[in-house]
Structure formats: C-alpha cells, structure tokens
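According to Swiss-Prot, the active site, nucleophile annotation covers Lys213. For Cys283, Cys290, Cys293, Cys299, the entry in Swiss-Prot reads [4Fe-4S] cluster binding site, with the evidence type sequence analysis. Among the features that Swiss-Prot reports, domain 'HhH' is placed at 192-216, with the record citing sequence analysis. Residues or ranges marked as phosphoserine in Swiss-Prot: Ser64. What Swiss-Prot records for 1-83 is region 'Disordered'. Residues or ranges marked as site 'Important for catalytic activity' in Swiss-Prot (evidence: sequence analysis): Asp232. Among the features that Swiss-Prot reports, transit peptide is placed at 1-28.
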Amino acid sequence: MNAAGVRMVVTRARSRGTGASLRRRGEKAAPLRSGEAAAEERKSYSPVKRRRKAQRLSVAYEASEGEGGEGAEHLQAPSWQPQDWRQQLDNIRTMRSGKDAPVDQLGAEHCFDPSASPKVRRYQVLLSLMLSSQTKDQVTAGAMQRLRARGLTVDSILQTDDSTLGALIYPVGFWRSKVKYIKQTSAILQQRYDGDIPASVAELVALPGVGPKMAHLAMAVAWGTVSGIAVDTHVHRIANRLRWTKKATKSPEETRRALEEWLPRELWSEINGLLVGFGQQTCLPIRPRCQACLNRALCPAARGL
C-alpha cells in the first residue's frame, strides 16, 4: 500500500472514533484468509474493506487481554436459579447453627489422628471416606478408632490379613468389599504415591472403592482444595425436595452437576456439611420433620408440589 492509501485508512478510522471498537468487544476475530482469497482481496482493494479488517484485528487483541481466562464461567450469572434458594439456605443455616448433628462430631474432619504426619493424616481421611459409604457416621467413627489403635498407616494395613481387617471395620456397610478395596488402594498408594494420596479428583476416583463424593471430600479435608460439591444421599434428597435442580435428578452425581451449574462457587465447601446435618436431624429420608422446619412454607415437597 502506498503512503496515500495509508493516510486514507488512518483518516477514516479516526473519523469513526473508538466507540465501535468498544461496542464490539468480545467479538471473535475473523478466521485467517487462505492465500488465494488474500490475493484476490489485494487485487480488488478498497479502503472500506481494509478498515473493517483492521477493526477486527484490534478487537481480537482486546479479547485476548480480557476476562476469558480459566474460571471465567464462575463469574457469569447462571441462566437459572431456584426460587427462594437464598432464603431457604439461610433458614437451613439457622437450623444448623448448633452444629450438633452426627456429621459435626464424627465426619471425615474428625476421624484422623491429629498427631500423625500430614501424609498419614491424608491417608486416614481417605480411609474414613471409603468406610463411610452406606454407613452411619457413628459406625464409621468406631471402625476408625479400632484401626487407629493398631497404628493406621499404609504399611500397617498391607501387613494386616483380610480376616483381621474385616473384623476391625465390621459392621460398616459392605465391609467385605471394603476390605478388598482398602487393600488394593493401599497397595497403589504405596507403589505410585509413596504412601500419600493423590491430589486430584481424577486420580482419586481411579482408586478402587473411591467415588466422586469421596474424592471431592478428600480434596477438601485432606488437601484443603475445593474441587466440587460433595453430594451424598442426604444432599441428593434435599436438593430434589427443595427443587434446587432444574429437573429431578436420579443420582448423587447427576445432582452434583446440576448444583454446580448455578450454586455460587464460594458456597461449595459449605453445602455438604450443612445439608448432611440437616438431613440427619430434620429432612429425614422417611417422615421428615416438616413441622419443625423453617422452610415448611418455602419447600415444594412440604407443600405437596
């Protein structure tokens, strides 16, 4: 392009001002033209086409410097949220203010030996979560006490025969299967992680006997990282009763995905313990205590909706 052509493009671009560029912020850059198309454009050059192309390149640069980074989806307002959910959540917080449910005293945060090394504490957290599936907190806590009395480490578990391990964890739910899973997982941790537990959900759920709920809780309790919402049967049941999912869900994992679509991320770490205790004390699986619930006028299930 000669000097006169450059002056013409600059003059017309300035006459448009910066408003068009600001209004177009967030537009995607036009795909690069093929060599044949670019040659054709040079043959039929016009200042208007050149000006539009320059604007698109400018917008693409601005977008690359903007908010499109990792985690940006959590900054956007969700397209759907349940009706009255904030009031319902505040009411549950009020009902749970005493922190006197079984999960508050016997959950995974309370089952490890605080005097053990960080690596051993993380292992004990994972084992308590593996034992907790389909098991009341009181039973899980009792099994953990018996295991800890013998020195609960990866090595000690691998040196314990299956019958002895079964007697120590009985009567947790599916205790025979859990003996097998605990042994297999402990061997993997010894071989691949130097006796520690993985620090990612993907690696945790790859371990025998470890599901998504356990993995997210292990990340929170053992590693102090919020990786997702831990959904068990209590959270699954309450979320559906309150209509906290856009449509009815059939499994805890489906409920987790539905909740994470709209629940603000800063609430993810709180929601499990809050709803589990609420489910243990008030929103029971059978004959829920709706008359004692502050949400009875806001709960679709309580109103028969």
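Every residue, even glycine, has its Cβ placed from backbone N, Cα and C.
Just so you know, of the binding-site residues Cys283, Cys293, Cys299, the Cβ with the fewest other Cβ atoms around it within 10 Å is the one at Cys293. Of the recorded residues, the residue listed as 'active site, nucleophile' and Cys299 ([4Fe-4S] cluster binding site) place their C-alpha atoms 25 Å from one another.
Its Cβ placed at the centre, Asp232 (site 'Important for catalytic activity') has 22 other Cβ atoms within 10 Å.
Between the alpha carbons (Cα) of Cys283 ([4Fe-4S] cluster binding site) and Asp232 (site 'Important for catalytic activity') lies a span of roughly 14 Å. Residues Cys283, Cys290, Cys293, Cys299 make up the record's [4Fe-4S] cluster site, and a Cβ search at 8 Å around their centroid adds Arg241, Thr282, Pro288, Arg289, Asn295, Arg296, Ala301, Ala302 from the same chain.
Between the CA atoms of Cys290 ([4Fe-4S] cluster binding site) and Asp232 (site 'Important for catalytic activity') there is a gap of 21 Å, rounded to the nearest whole number.
Residue with the densest Cβ environment among the recorded positions Lys213, Cys290: Lys213, by other Cβ atoms within 10 Å. Cys293 ([4Fe-4S] cluster binding site) and Asp232 (site 'Important for catalytic activity') are 21 Å apart (CA-CA, integer value).
Per-residue pLDDT, averaged across the domain 'HhH' (192-216), gives 98.
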